[in-house]
Amino acid sequence: MTALALGDAAALAAFVALLLVVARLLGSLTERLGLTRVVGELATGFVLGPSVLGRAAPAATDWFAPALASPLLAELSLLGLVLLLALAGLETDVDLIRSYARDVVAIGSAGLAVPFVLGVGVGVVVPAALLTGESSRLVFALFLATSLCISAIPVVVRILIDLEAFDSPLGQRTVATAMFTDVVGWLLLGVVVGVARAGRLDGRAFATVVLVLAAFLIGAAVVGQRAVDAAVARLPADDVGGHLLVVVAAAVGASALAHAVGIEPALGAFVAGVLFARAGGIPERARSAFERGTLRVFAPVFFGVAGLEANLGLLADPTVAVVGAATLAVATVGKVGGVYLAATALGYDRTDAAGMGVGLNARGAIEIVIATVGLDLGILSPRMYTVVLLVAVITSAMTPPLLRRILDGADGAAVAERSVEST
């Protein structure tokens, strides 16, 4: 190894260490403020990147230039993405979705369809100056719509637990619906990414993408599920290392296979996690170790690198600011409105319907993942990437206080009603 390579390696190690420390501090700060940790971890990239440090102390960023240019940093970020999606799949409760099948499908479909249609509308009218020119406007519009229609399971679950509403009927239905929208959203992403890689949107290209995706999913459900079932059954429950090795190997292997057949690698990791969930999961000690390692080390690296790619200074452009505000409005109104209308049509009272809509409006990590995919594929320009990232951050930040207010109001109304009935 040359002296220059040694210097680059030292810079990379120092930068990753700094990134993890700052992510830990900002994540703890945002949690104390009643927000989600993802907001603080993404803000780490904003602080260490061109948005803050790059403007306040450009010389400091020069020292990290070798680290930022290192392919290894990108690979670490990709590993964080793969493990994060495997964890999301592992936490997908298929039985919970089935138990609320009617409500989940109806409400989840409305919560997907309304922001998707509105997102396509925004994508069609976005000024050409904000596009990359590397993909068609229709592909861009479909990709933007997909990024706006999903919900973030980890954020939803964490908020409901913090508000002591996770085990309530409303909490369980909200989580089940978030899982449903997550699964459908990743399938949509797989189709859109496949079309983008094909370079055109016609009947033949679309059919090819759908057939490849279907073959991948069927193969995973048949061959992959049997392999996972056998691996989980043969490993002793106290073999934490063995279970971790199998989960990580399956996630990485499924990602590589997905990429090889033209499917988004993140979808492969998510599917691998779902296979383990369907197999009954992994022992609690192993699951806890996998979750801690992913959320405390690899996910912060991914979120931090994602934030580094954004430049909040781009919002000084009035066009970008207007498009950003419109995108946020469409994402919020579409998700909350679609869920609210479907829930009330099924007989939910207005408070519960509003609570579900607000809870499912958090985009969090999943939208950040999708934005990163769009940037890497040349579908999103740096300006639109920054816009989508801000939608993820703002919706995740606004959800806890709004949902807390709705649930507190519902509790207050229930207490008042009981008081009236007792008099």
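Just so you know, glycine gets a Cβ as well, placed from its N, Cα and C.
As given in TrEMBL:
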DOMAIN    21-403  domain 'Cation/H+ exchanger transmembrane'
TRANSMEM  6-27  transmembrane segment
TRANSMEM  72-90  transmembrane segment
TRANSMEM  110-131  transmembrane segment
TRANSMEM  138-161  transmembrane segment
TRANSMEM  173-193  transmembrane segment
TRANSMEM  205-224  transmembrane segment
TRANSMEM  244-277  transmembrane segment
TRANSMEM  297-316  transmembrane segment
TRANSMEM  322-348  transmembrane segment
Stretch contact, the transmembrane segment (322-348) with the transmembrane segment (244-277), Cβ-Cβ under 8 Å, 3+ pairs
no
Is it true that the transmembrane segment (244-277) and the transmembrane segment (297-316) have 3 or more CB pairs under 8 Å, sequence gap of 6 or more?
no
Taking residues 6+ outside the transmembrane segment (72-90), which of them lie with a CB under 8 Å of any CB in it?
12, 15-16, 153-154, 182, 247-248, 250-252, 255, 265-267, 269-277, 281-282, 287, 290-291, 293-295, 298-303, 305-306, 365-366, 369, 372
Cβ-Cβ under 8 Å with the transmembrane segment (6-27): same-chain residues at least 6 beyond its ends
37-38, 40-41, 43-44, 47-48, 63-68, 70, 72-73, 76, 296-297, 300-301, 303-305
